[in-house]
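> The domain 'Glutamine amidotransferase type-1' feature in Swiss-Prot is assigned to 7-197. Annotation comment: Swiss-Prot describes Cys84 as active site, nucleophile, evidence class sequence analysis. Under the heading active site, Swiss-Prot lists His171, Glu173. The domain 'GMPS ATP-PPase' annotation in Swiss-Prot covers 198-387 and rests on sequence analysis. According to Swiss-Prot, the feature ATP binding site maps to Ser225, Gly226, Gly227, Val228, Asp229, Ser230, Ser231, an assignment based on sequence analysis.
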Amino acid sequence: MKKQHDTIIVLDFGSQYNQLIARRIREFGVYSELHPHTITAEEIKAMNPKGIIFSGGPNSVYGENAFHCDEKIFELGLPIFGICYGMQLMTKHFGGKVERANHREYGKAVLKVENESKLYTNLPEEQVVWMSHGDLVTGLPEGFVVDATSESCPIAGMSNEEKQLYGVQFHPEVRHSEHGNDLIKNFVFGVCGCSEGWNMENFIEVELEKIRETVGDKKVLCALSGGVDSSVVAVLIHKAIGDQLTCIFVDHGLLRKGEAEGVMKTFSEGFHMNVIKIDARERFMKKLKGVEDPEQKRKIIGNEFIYVFDDEAAKLEGIDFLAQGTLYTDIIESGTATAQTIKSHHNVGGLPEDMQFKLIEPLNTLFKDEVRVLGSELGIPDEIVWRQPFPGPGLGIRVLGEITEEKLEIVRESDAILREEIQKAGLDREIWQYFTALPGMRSVGVMGDERTYDYTVGIRAVTSIDGMTADWARIPWDVLEKISVRIVNEVKHVNRVVYDITSKPPATIEWE
């Protein structure tokens with residue numbers, strides 16, 4: 001990548017939040033890259049970054065499987081900011097003391113600033129932060145001072161300003177830390193001296209060049225679903241290589257109401273792309289029959305997608321690349337070399353080993369909100385750019401347990417009602433994601449003076465910036481009532497509607 005902008009390097013020590021750090025920095029207009037903790041000091045030096053951030057991680061610095069870094073990184077003279085595990089690693093390196101806490105601290109805590117280092121410039125003396133750690137620093141390294149404390153953590157923040165070294169035991173990158181963004185800003189601008197200079201125009205310019213260099217005169221097959229991610233991928237690649245791109249739209253029977261027709265109209269007629277539609281509904285349902293495990297469903301759907309593309313590509317000439325809408329969040333949720341796996345993502349963990357294509361994933365360094373900005377920059381209509389996030393496995397992971405046509409129809413119809421009412425209420429831009437799910441449980445009800453024993457539909461609606469963390473949406477009661485009444489009255493075999501009020505973490509946004 002041509003770097004005409006300042007860069008902050010984030011070292012990955014296994015935290016599920018590590019890519020959030022890079023995301024927060026990009027929000028400030030400063031480019032940030034995530035790299036494995038095994039990167040060498042020489043490699044970092046060659047990148048000429050303005051500063052380094054050590055992410056958190058699930059391990060203990062004294063554990064057998066502890067992650068370490070090249071100790072020469074501390075000799076580069078660059079500002080370093082250690083978060084959670086990163087602070088503990090810094091402490092150990094400089095001779096301080098790290099011990100196991102009496103109990104794991106997880107959740108919100110009140111932080112008290114004791115020393116206003118550059119990290120805490122213009123921040124309140126007390127603030128709510130997000131803790132998630134099992135070890136803590138109990139003895140400062142020489143030359144360091146305590147910056148902040150909390151009730152359960154006497155050294156919640158530390159610094160050695162002469163060497164430009166900083167550490168915090170909490171997670172400023174998580175939205176629950178109320179002044180976390182300001183704290184990271186203080187490091188990026190106040191300590192590292194960065195200037196704003198990275199934006200989506202830069203990304204488009206670099207990515208178009210990269211796509212052309214990678215593809216050359218070869219042909220690309222794009223998995224087009226009509227969702228935000230695949231739509232942006234298709235338009236971006238089409239802008240780069242034109243008719244060298246062929247889009248395949250697979251109707252696997254797991255789509256939302258009216259989606260198949262909408263995709264063909266928008267991309268084939270609107271964007272004048274070469275789009276081939278494949279009706280694979282029977283093929284997918286046959287493979288998924290009797291399958292209840294969510295991981296197995298994801299793998300089957302991911303594999304079947306690739307096999308469908310293989311079959312179709314065999315009919316085409318010279319297809320070398322498969323384009324996918326894999327995002328940063330897909331990769332982190334599927335686990336990296338250091339991150340613990342939460343769930344397999346259809347764009348990451350579901351690919352067969354004998355796949356015939358080379359992958360091209362131009363969005364795999366972007367978060368969802370960045371993809372929307374990119375889509376707008378590319379001239380994609382708002383109705384697509386602001387479309388609800390929809391997973392590759394589609395309604396297949398919104399029907400919990402075994403998938404049947406009856407269950408799919410329940411989710412499809414109830415989801416259409418939910419989306420219609422949310423839009424009518426003017427909440428479609430306020431709520432980050434909303435959908436219905438079918439948990440597969442039945443309950444007793446009374447309809448028309450008769451006893452019923454039918455399904456329960458779950459509503460999931462969350463507010464978020466990038467999908468890494470999320471809070472349940474406070475939908476007005478009257479809107480929820482309309483949605484519930486319509487679903488129970490208009491969708492067959494449903495007699496109960498429930499609303500999911502769980503945040504992420506501890507839950508994920510999707511139910512499977």
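The backbone N, Cα and C atoms fix where each Cβ goes, and this holds for glycine too.
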> For Cys84 (active site, nucleophile), which of the listed recorded positions (His171, Glu173, Gly227, Val228, Asp229, Ser231) have their CA atom within 10 A of its CA?
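Cα within 10 Å of Cys84 (active site, nucleophile): His171.
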> I'd like the Cβ neighbour count for Val228 (ATP binding site), meaning other Cβ atoms within 10 Å of its Cβ, all protein chains included.
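Step by step: centre on the Cβ of Val228 (ATP binding site), count other Cβ atoms within 10 Å, giving 24.
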> Express the distance between the Cα positions of Val228 (ATP binding site) and His171 (active site) as a whole number of Å.
29
> Between the Cα atoms of Ser230 (ATP binding site) and Glu173 (active site), what distance do you get, rounded to the nearest Å?
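Answer for this pair: 28 Å between alpha carbons.
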> Cα distance, Glu173 (active site) to Asp229 (ATP binding site), nearest Å?
24
> Report the residues of the chain - excluding Ser225, Gly226, Gly227, Val228, Asp229, Ser230, Ser231 - with C-beta within 8 Å of the mean position of the site's C-beta atoms, for the recorded ATP site, in sequence order.
Leu224, Val232, Val233, Gly325, Ile384, Arg387, Phe390
> Using Cβ atoms only, which residues of the same chain lie under 8 Å from Gly227 (ATP binding site) while being at least 6 residues apart in sequence?
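Gly227 (ATP binding site) has long-range Cβ partners Gly325, Arg387, Pro389, Phe390.
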> Across all the protein chains here, work out how many other Cβ atoms are within 10 Å of the Cβ of Glu173 (active site).
28
> Can you figure out which of Ser225, Gly226, Ser231 (the binding-site residues) comes closest in space to Glu173 (active site), comparing Cα atoms?
Ser231
> How long is the line from the C-alpha of Gly226 (ATP binding site) to the C-alpha of His171 (active site), rounded to the nearest angstrom?
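Computed Cα spacing between Gly226 (ATP binding site) and His171 (active site) is 35 Å.
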> Rounded to an integer, what is the Cα-Cα distance in Å between His171 (active site) and Ser231 (ATP binding site)?
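That separation, Cα to Cα, works out to 33 Å.
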> Over all shown protein chains, what is the count of other CB atoms within 10 A of the CB belonging to Cys84 (active site, nucleophile)?
27
> Taking the Cβ of Ser225 (ATP binding site) as the centre, count every other Cβ atom within 10 Å, in any protein chain shown.
25
